[in-house]
């Protein structure tokens, strides 16, 4: 059966606390933290973007498993903050890791589930015999307008999964998707920051799609919440995924290892995939995982995954674990954050 052969993630070391953002805008920091359950968020350095994050995540995946890059037949990078409007991120990644000229490559967009859409496609291509290995990446340097609620959560990071049939560490038993035209979050071409429906992003968008996708997967697999060792959802904040887990009947011990948004914020396309990476860092053979992404607009991808004995053969410490990256922090204030995120409009010739 096809599944995850190796994985890697990258989280920028720069962080800012919601308290600092609240201080600048005259907001109550305790109200903000209690409302979204985010204690800090990652900030990309001036030389970090979706391309560099994707390359680092892919290289970390290759550190854990010595795969010949020329055997990777497809690369799909999901993001809503690709560095170029016209020039693919996927080819940059391919060149950086040394893939062959014969390559399926594309950039995907579906808000925060573009990366998991890539996972589904490379799995289908592997199953069809079109490629030996496929690389799916979800990464973002997400945007939030100054003073907007999104500024407290929009962060940066990403994860890469190489999918194949040989030496699989986590079998993807099944995957499915749900989608509907739900205008909960959007950004038109040329606009620097997205707009959102505030509370409308909850019940009719996130919870409708995530909860139903999870239920449909459990119905298909004839499973119940108690049959899973771990569950991970898309994490726009710290509260939505915990509420979704409880609505479905999961316990804290099942979702706590994959819940990383309270420490790094919402990495958008990297969110659920990085939570899954965190679970794979600590999982053992036989562990059963339910993973559900979400993308505004709106849709969810669900995965039923079983960890194999091969994971014990992998030296997971050959690349930074999520725990290690969470511990590697350099704090910045709002001025540095605004500078790094290019929120300050400079005069001509000033850098």
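Note: Cβ is positioned from N, Cα and C throughout, glycine not excepted.
Taking the Cβ of residue 80 (active site, proton donor/acceptor) as centre and 10 Å as the limit, one finds 22 other Cβ atoms among all the protein chains shown. The annotation active site, proton donor/acceptor is assigned in Swiss-Prot to 80 (among others).
What Swiss-Prot records for 112 is active site, acyl-thioester intermediate. The 10 Å shell around the Cβ of residue 112 (active site, acyl-thioester intermediate) contains 33 further Cβ atoms across the protein chains shown.
In this view, residue 234 (active site, proton donor/acceptor) is surrounded by 30 other Cβ atoms within 10 Å of its Cβ, with every protein chain counted. According to Swiss-Prot, the feature active site, proton donor/acceptor maps to 234 (among others).
Residues or ranges marked as (3S)-3-hydroxy-3-methylglutaryl-CoA binding site in Swiss-Prot: 112, 153, 201, 234, 243, 266, 296.
Among the features that Swiss-Prot reports, CoA binding site is placed at 199, 239. Long-range Cβ contacts of residue 239 (CoA binding site) within its own chain (separation 6+, distance under 8 Å): 35, 36, 37.
Ranked by CA distance from residue 296 ((3S)-3-hydroxy-3-methylglutaryl-CoA binding site), the active-site residues 80, 112, 234 have 112 at the top as the closest. Cα proximity to residue 80 (active site, proton donor/acceptor) (within 10 Å) is found for none of the recorded positions 153, 234, 243, 266. Recorded residues residue 234 (active site, proton donor/acceptor) and residue 112 (active site, acyl-thioester intermediate) have their alpha carbons 8 Å apart, per Cα-Cα distance. Cβ neighbours of residue 243 ((3S)-3-hydroxy-3-methylglutaryl-CoA binding site) (same chain, under 8 Å, six or more residues apart in sequence): 207. When secondary structure is read from DSSP and collapsed to three states, residue 234 (active site, proton donor/acceptor) falls in the coil class. Taking the Cβ of residue 296 ((3S)-3-hydroxy-3-methylglutaryl-CoA binding site) as centre and 10 Å as the limit, one finds 26 other Cβ atoms among all the protein chains shown. Here the Cβ of residue 266 ((3S)-3-hydroxy-3-methylglutaryl-CoA binding site) has 28 other Cβ atoms within 10 Å, regardless of which shown protein chain they belong to.
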